[in-house]
Amino acid sequence: MSSFRLDVVSLVPEVFDSLRGLGVIGRAFHAGIAELHTHNPRDYATDRYRKVDDEPYGGGAGMVLKPEPVFAAFEAIPVQPSRRVLLMTPQGKPLQQADLRRWATDYEQLVLLCGHYEGFDERIRSLADEEVSLGDFVLTGGELPAMTIINGTVRLRPGTVGTADSLVEESHSAGLLEHPHYTRPATFREMDVPAVLRSGDHGAIARWRAEQQKERTQLRRPDLWAQWQAEHPGNEG
């Protein structure tokens, strides 16, 4: 399998350096499972001041990211056979685990476009295949959403995480939240590990974990629980 290529267009590319040394994600980069490239639109500005923003037409507060340097940075990126271009914007579709899995599985290259300032020139949207948001809130730029996508996709690539089972069992992988985890000691400050987990009965443990997943999802994320029930008709939980 070829290396998973990630290209980020950002005015602050240095913030992505930390990912190269971040736990299993950093090891994936060092092992060649994934590769990270950053592209600063300022390097493609053509005026003497390397200007990348300007006042909005029609007036208004703030500055708008200009299209020319962004397009130039984007067009300088090598194109892989299977590529997806993602625009970070609060107007985008809220990020879901299914999106991360799809991008990590179906594509060999992701290009992440990060806005800044008040916003970006509307014509920049034409570069993107999808627009992505972390939620209904606004940040100063698209770098944190981009870092989230990088982390979330690289960890799903084969060879990054030690065992595939750990990916299957975690929250959202099957539409439910993950079950509780415990480790030693068996008792800590009068809080005990459930006896079933110490019983050695693997069938009972599996049933307990499945019930915990359902209970947690129903209590903490009723929206996910309703969706799971709709996808599993006849299951009473």
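Placed from the backbone N, Cα and C atoms, the Cβ positions cover glycine too.
Keep in mind it's a predicted model, so treat the numbers as computed, not measured.
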* Structure fact -> According to Swiss-Prot, LEU134, GLY135, ASP136, PHE137, VAL138, LEU139 bind S-adenosyl-L-methionine, and the residue from GLY115, GLY159 that belongs to that same site is GLY115
* Distant-in-sequence Cβ neighbours of LEU139 (S-adenosyl-L-methionine binding site), under 8 Å, six or more positions away -> PRO90, PRO145
* Any idea of the Cα spread of the S-adenosyl-L-methionine site, GLY115, LEU134, GLY135, ASP136, PHE137, VAL138, LEU139, as a max distance in Å? -> 16
* Asked: Highest CB neighbour count within 10 A among the binding-site residues LEU134, VAL138?
  -> LEU134
